[in-house]
Structure formats: structure tokens, C-alpha cells
Amino acid sequence: ERPETGRLALYLLGLRAACPPPEHGPQRTLVTWLKFYLEEDWAGSRRHGHPLTSYYQYGLGVLALCVHRKRVREEVIRRLLEAEQHGRFGHGDSSAVDTEAVVALAFTCLERERFVGAGLAAELRTATRRVRRRMVEAQGQDGFFGNIYSTPWAMQVFISSNVCRTQPAYGRAMAALLGNLGAFTTGATMAQVLPVLHGHSYLDIASMQCREELDTLVPVGLDPPPEVPGDKAVWLVVECRVPRCPQRRLYDQLVPVPASASLLDVLKAAAVQGPHNFTFDTQDTPQGPFLSRVLGLEAQQQDRSYWQLLTAPSTSLQMGVADYRPRDKETLILRLSHW
């Protein structure tokens, strides 16, 4: 099985933010497991030159260990630094903003906690400045860095570097977020955007004084989206690139669904619609259901493939299958791509 580097890292960040009780035995065990996962994540795929999971998860692991004030070997840090220097964070045609942001936060934490020597600290500062510069250059007309979900990660980089007040791109991104808060509907996405709205980054977790924190957490019940009367029809297209699929377009059908249906509802409707057999599978993740298999073709970490979600002709969706609600007559494309 692949190491659960990213999931465990996020759990440990959340655990530290929640100010756990003084008994640290179980927490120390989890930190030890994360250090083991980091080593296994890379060692298991040395011949490929990249982690078994992804640079995003690998960077999350380094960040979580730093926030818990645990040192990592210099070799582990230099793996990320070399990847940043050679532009290896991209995912095919998609944005690398979230990965670059996570890595930049990890670099800033390592420097701030003085876990590295002066020479390496200078290299990490330079790398973080490069990341910020690329983010500013890549900011879209809509104000987002990459997409709406990678934007809070990017904004945390500006916050942690104390340059958010002097960077106009940060102000544009904040305005874009405030106008689209309805897109953050899962616990994981809310956890990314809430610190930014209060002017904090995940690095602030390391300096929290838990004895002074008030227990103000209360459960919040999310209302289901309102039902929209009527029906709509969505064109669903499945594509797979050659040579894996000589017939590039594997599915192309109009799928009728209720007007309030999400993309996940469209897939479910296609699965029961005849006469063409349509099958799909999803995996549960902290961000919601993740499309893992379509028409028997599985997205595999080993060959770095994934099911890309697009609206025709080639615009990547900024939401997951359970959150995106297509318009009537919209064409949605599921494309098996590589990163």
C-alpha cells in the first residue's frame, strides 16, 4: 500500500491546532509514523525520482513535522528544494500552485524554527521568493492563484512571509475569496480558507499557547443545497489518450437529470441509463469523493494518471464531483490524464 503521508500530515496539523491534552504519547507515535512515511514515500520510488504519493503530500509531511517542532534530515529538505529548483511540481496541464505553496510554507517553517544551518536557510528563503513571484505572475483575471481551492494555500505563503499588506495580488485574491465563499463546503476546504480569512497561516499553529485558547469550537450543521424544480440534460464525454486508448472518445451521451443535480448525480444517472453501459468508482477523501475509475479504466498513482474534470472545450473544473452543479446542455469531459 502507498504511504498515507498527506492524510497523516493533515491530521497532525489539525491535532496541534486543536490543542490536545497534555498526555503526548499517542501524538508522539503519530509523528514517528509520519517520519517513517516520509522515508518510505521516497525510498519506494527512487528509480522514478519522485515520491510514491506526490510532492504535495511530501511537502505536507515536512510542514507537519516542522509545526510539531520535529527535525527532518537535510536530505529530505534538499529533495524538495531540488524539485522546486527544477520545476517538478506541475501536474500535466494543471496548476502547481497548491504544491508550491505547501512546500514554501514548509521552507518558511524550517527557517523560522532554525532547524537548518545558515547556508541552507538562505537557499530556502530564495526558493520561497521564487514561489511568491511565480504566484503573482500566474494570478488569473478572476483573482485566484491557480484555482479557488489552491488560492488559500498561496495566500498563506504571503501571510507567513509578512508581505501580504504590500502585495496587490494578495488583496485581489482576498476579494475573489470573499465573493466565492460558498464553494468551501467540506471540512478540509474550510480548514484551508478560515485561517486566511483571519490573517493566519498554518505556521501560526506552532506558536499557539494552548493554555490561553478558549474552547469555542461548536458543531456546525450544513444545510443541504436547495432543490431546484425542473430538469436539465448534460452531455457527458469520456476521453482517454492514445496509446492506452486507440479510440480516444469512449463515451458521449446526453444524460437527463434533475435541475439541482451535481456532477456526481450525473454519473449515477449515466450508470443506470441504457443502452450504453457506463461505470465509475470513487474514493472517499477529506475533500470529498475522488473519481478513481471510469469505464473500467483506473487512475493509478504508479503511472501518475488521474481523471481530469473539464467543461468543454478545455476548462478544468474548480470543484469536485460532489460539489460542481453543471448547467443545462453543458458538456462535461472526464479525461484520463497524466501529471
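Using N, Cα and C of the backbone, Cβ positions are placed for all residues, glycine too.
Those TrEMBL annotations? Automatic predictions, nothing curated.
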Disulphide bridge to CYS66 as given by TrEMBL, partner from CYS19, CYS109: CYS109
Cβ atoms near CYS66 (disulfide bond) (within 10 Å, other residues, all chains): 25
List of residues, in chain order, with Cβ under 8 A from that of LEU309 (cyanocob(III)alamin binding site) and at least 6 apart: LEU263, LEU291, SER316, LEU317, GLY320, VAL321, TYR324, LEU332, ILE333, LEU334
Alpha-carbon spacing, TYR55 (cyanocob(III)alamin binding site) to CYS66 (disulfide bond), which is rounded to whole Å: 16
Cβ atoms near CYS109 (disulfide bond) (within 10 Å, other residues, all chains): 24
CYS66 (disulfide bond) versus TRP307 (cyanocob(III)alamin binding site) - Cα distance in angstrom: 32
